[in-house]
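Visitor: Pulled these features from Swiss-Prot for this protein:
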type: BINDING; residues: ASP34, ASP87, GLU156, GLU158; note: Mg(2+) 1 binding site
type: BINDING; residues: ARG47, ARG71, GLU156, GLY229, ASP231; note: DNA binding site
type: COMPBIAS; residues: 356-367; note: compositional bias 'Low complexity'
type: COMPBIAS; residues: 368-378; note: compositional bias 'Basic residues'
type: REGION; residues: 120-251; note: region 'I-domain'
type: REGION; residues: 337-345; note: region 'Interaction with PCNA'
Amino acid sequence: MGIKGLNSIIQQQVPSAIRPREMKQFFGRRVAIDASMSLYQFLIAVRQADGVQLASADGETTSHLMGMFYRTLRMVDHGLKPCYVFDGKPPVLKAHELDKRTERRKETEQKLAELTEQAEIMKHERRLVKVEQWHVAEAKKLLGLMGIPYVDAPGEAEAQCAELAKKGKVFAAASEDMDTLCYRTPYLLRHLTFSEARKEPIHEIDTELVLQGLGLSQEQLVDLGIMLGCDYCESIKGVGPVTALKLIKEHGSLENIVEFISSGGNAKWKVPENWPYKEARALFLQPDVLDAEGVSLKWEEPKEEELIAFMCKEKGFNEDRIKSGIQKLRKGLKGGVQGRLDSFFKVKPKTTEQLAASARKAQAAKKTNQKGKVLKRR
């Protein structure tokens, strides 16, 4: 689900933190991609002309394989070095969100049985799409044969992507979920795995610019995300995005906000009973991840014969197209070795204290500018 309204806040308050990019601008960059999110996109978007998912001769869905093969090939062809990160065990706090998703699926299934118009049927069928374990297993097999590295995260994939980016193993984390920013990735790439047909630019979000522009520390950004609504707990009823940002700036932390509301700050706002915001905060600030220093990412020569056997003989893809793709893959992986000049210099991420100081400085500058405007009017 991500975090409701965070992208809108950044667009309105700090538009300069979101840069539209073309894929070629990431030549030589290593990028950690949220695999589960990508597979979900492929299962939704990669379809035949009649809207039905691609399938092999025995009727098994192959949309996830086509999406994974060709979108990865496109990235490599542009000089990117993609690696995929798969979800591990979800945190206990996420159980309520997963239960809600299951309930929504049941409601959709019931409604689907009552529909008669084909367009409505197709729309609701897409809402039932779910990434199964066999989709994941086949995607891993495909990546292994392509020579593309992947990481099995112990917990949330976005958190592991952010960990790899923080430690300099990759340039950025790629996901559609805005909660990736709360795990402190230096950069978040959105729309990276979208199809070319959608003509959506890649959005590169600079986390440090977001913090400076909003005048928040990393901890306060996490508290804002929890207030807006995340996968780990409910939000405060009656508090929208604008109010949430205002409260964080005025009171500094969720502890102070809860105290303010509980003491009668606003009768319309209601803090959920036994609200586990502290536990949710800990999941963002101390997530369950593999230490990036111990993770090895290697891009290897594709295994052509095994790849053709799997994709063509077993799954029914066109052999000439797969062979052509393998040649592009081989060429792209060799070309990516050239790399970028700035990849030879490891950028040391700022400490929590440095980020907090930057946020205070930005906030002070903003207040000074506002005072200057008032004096000019006088």
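The backbone N, Cα and C atoms fix where each Cβ goes, glycine too.
Remember, it's a predicted structure, so these values are computed and weren't measured experimentally.
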Visitor: What is the pLDDT of the region 'Interaction with PCNA' (337-345) when averaged and given as a whole number?
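Guide: Averaged over the region 'Interaction with PCNA' (337-345), the predicted model reaches a pLDDT of 52.
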Visitor: Which ones are near ASP87 (Mg(2+) 1 binding site): of the binding-site residues ARG71, GLY229, ASP231, which have a Cα within 10 Å?
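Guide: So the list reads none.
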Visitor: Calculate the distance in Å between the alpha carbons (Cα) of GLU156 (Mg(2+) 1 binding site) and GLY229 (DNA binding site), and round it to a whole number.
Guide: 17
Visitor: Can you give me the Cα-Cα distance between ASP231 (DNA binding site) and ASP34 (Mg(2+) 1 binding site) in Å, rounded to a whole number?
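Guide: With the alpha carbons as reference points, the distance is 16 Å.
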Visitor: Rounded to a whole number, how many Å is the Cα of ARG71 (DNA binding site) away from the Cα of GLU158 (Mg(2+) 1 binding site)?
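Guide: So the alpha carbons of ARG71 (DNA binding site) and GLU158 (Mg(2+) 1 binding site) sit roughly 19 Å from each other.
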Visitor: Fewest other C-beta atoms within 10 angstroms of its own C-beta: which of the binding-site residues ASP34, GLU156, GLU158, ASP231 fits that?
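Guide: Output over binding-site residues ASP34, GLU156, GLU158, ASP231: least Cβ neighbours within 10 Å is ASP231.
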Visitor: Can you name every residue in this chain, apart from ASP34, ASP87, GLU156, GLU158, with its Cβ inside 8 Å of the center of the Cβ atoms of the recorded Mg(2+) 1 site?
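Guide: Other same-chain residues with Cβ inside the cutoff are SER36, MET37, VAL85, ALA153, GLY155, ALA157, ALA159, GLN160, CYS161, SER175, ASP177, THR180.
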Visitor: Measuring Cα to Cα, how many angstrom lie between ASP34 (Mg(2+) 1 binding site) and GLY229 (DNA binding site)?
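Guide: A Cα-Cα distance of 20 Å.
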Visitor: How many whole Å apart are the CA atoms of GLU158 (Mg(2+) 1 binding site) and GLY229 (DNA binding site)?
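Guide: Between the alpha carbons of GLU158 (Mg(2+) 1 binding site) and GLY229 (DNA binding site) there are 17 Å.
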